[in-house]
Amino acid sequence: MAFPYMEAVVGFMILMYIFETYLDLRQHAALKRPTLPKTLKGVISQEKFEKSRAYSLDKSYFNFVHEFVTILLDSAILFYGILPLFWKKSGCFLVLVGLNEENEIFHTLAFLAGVMIWSQITDLPFSLYSTFVIEARHGFNKQTTWMFFRDLFKGICLAILLGPPIVSAIILIVQVCSSANVDKVASELQYLTAICLQQKGGPYLAIYLWAFMFVLSLVMMTLYPVLIAPLFNKFTPLPEGELREKIEKLASFLHFPLKKLFVVDGSTRSSHSNAYMYGFFKNKRIVLYDTLIQQHEETSLCCRGKGSGVTLSNLLECKNDEEIVAVIAHELGHWKLNHTMYSFIAVQILTFLQFGGYTLVRNSTDLFRSFGFDTQPVLIGLIIFQHSVIPLQHLVSFGLNLVSRAFEFQADAFAKKLGYGSALRAGLVKLQEENLSSMNTDPWYSAYHYSHPPLVERLAAIGEPDKKAD
């Protein structure tokens, strides 16, 4: 008797839902606490705490509903054979439009189109409610309905533009590396290449797939900030001034190859703030959200004499430069300590292991039949394999969160060694206040879910060396 893979996967999904719901309940109880943690008393204002508490509870209630609907739909899709039904219907659609349903690439793309439509339909109500009810209620949403659907349309267009070539390439690599498919794909690739891959491709299929994804990731990391991100946001150079000088001086001191310094108009969509850096080798760029600049204004009369209109230039004259530079010092700490490189390497290793695992089960008839498939399409095999290793994925995700939290502590310590301890502390508090992040967190919940340590832990770590020195 064949092993019931599908039933085991659905069973584990439900068990994980129960476990994560338990953690959510613990976090929800923590969010209901009416007082600040001792560490934050006198640091966070009571007004900000009440706003943060209300915002976090609203998101928590929303999360309970969203997660319940998600596990219900995901379990039903697997248990009632919706995926194989989608696959069969996509084949019928190809016949209807005069295409060959035996062509795996066409069949897969039609299947993915149906899945994307289904995903958009089921996700849209939650996205709308989150954006226009929860975020708007707490003063974060700045999007109009037109902007929301315009961004949605752009995202779908990008998926249609980029998805088919990537999916087709993956299918061709697997087909070419399978001896039974050389004649089938020889007309699509040069025959000599097909023969070479047939002779060496079987045992090295995982390497070929990983190499393709590696190159693709490099290309996307290069093109995204230049071609894709500007489709959604406007990037303008940070104007000359004291802030720019301080950031450039810091980058020069650390030998960070800063080429461009941008401000992104995040305020057109949300009041949440952030800062990040990107780029390869000697071509690094730093991006500041305009909301980050706005949230670090000083409370002096500097901006009050500027009139009713507040421009970027006015804001640059009024903010607390040291807090922003401290946040940048933290981000540069990730670069200086090679955290970005370590994370990239870890992702590549995991990608290779996933493809390696896929190559071991891609010919398992029992696995495909357990999920309701009579054939063994490449993409379906990848999807089934991803579902089958969900237990390992949760363990890996937990481990990566632990490493990420350690990196955050190290980056904080790096900024402190540069002399930005007090400014970083003030900057983190300001970000916590303005983003209305959770002040009270359950230790089990944060350990399992958070890639960044809670503010209480970060402030304690930043202040610990000072206490020892005292």
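The first residue you see is number 1, and the count goes up from there.
Backbone N, Cα and C atoms are what each Cβ position is placed from, and that goes for glycine too.
Automatic prediction, not curation, is the source of TrEMBL annotations.
According to TrEMBL:
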- GLU331: active site (ACT_SITE)
- ASP412: active site, proton donor (ACT_SITE)
- HIS330, HIS334, GLU408: Zn(2+) binding site (BINDING)
- 27-177: domain 'CAAX prenyl protease 1 N-terminal' (DOMAIN)
- 193-234: domain 'CAAX prenyl protease 1 N-terminal' (DOMAIN)
- 237-464: domain 'Peptidase M48' (DOMAIN)
- 6-23: transmembrane segment (TRANSMEM)
- 61-87: transmembrane segment (TRANSMEM)
- 107-134: transmembrane segment (TRANSMEM)
- 155-174: transmembrane segment (TRANSMEM)
- 207-227: transmembrane segment (TRANSMEM)
- 340-358: transmembrane segment (TRANSMEM)
| Cβ atoms near ASP412 (active site, proton donor) (within 10 Å, other residues, all chains) | 24
| Roughly how many angstrom lie between the C-alpha atoms of ASP412 (active site, proton donor) and HIS330 (Zn(2+) binding site)? | 6
| note | In all the protein chains shown, the tally of other Cβ atoms within 10 Å of the Cβ of GLU408 (Zn(2+) binding site) is 21
| message | Restricting to the domain 'CAAX prenyl protease 1 N-terminal' (193-234), what is the model's mean pLDDT? | response | 77
| When you average the Cβ positions of HIS330, HIS334, GLU408 for the Zn(2+) site, which other residues in that chain have a Cβ within 8 Å of that mean position? | GLU331, GLY333, HIS339, PHE407, GLN410, ALA411, ASP412, PHE414, ALA415
| query | Looking at Cβ-Cβ distances, which residues of the chain lie under 8 angstroms from the residue listed as 'active site' while being 6 or more apart from it? | reply | ALA275, TYR276, MET277, ILE286, ALA411
| remark: Within the same chain, the residues 6 or more beyond the ends of the transmembrane segment (61-87) and with Cβ under 8 Å of it are 6-7, 9-10, 13-14, 17, 20-21, 24, 28, 107, 111, 114-115, 118, 122, 126, 129-130, 134, 371-373, 377, 380, 383, 387
| query | Looking only at HIS330, HIS334, the binding-site residues on record, which one has the least crowded Cβ, with the fewest other Cβ atoms within 10 Å? | reply | HIS334
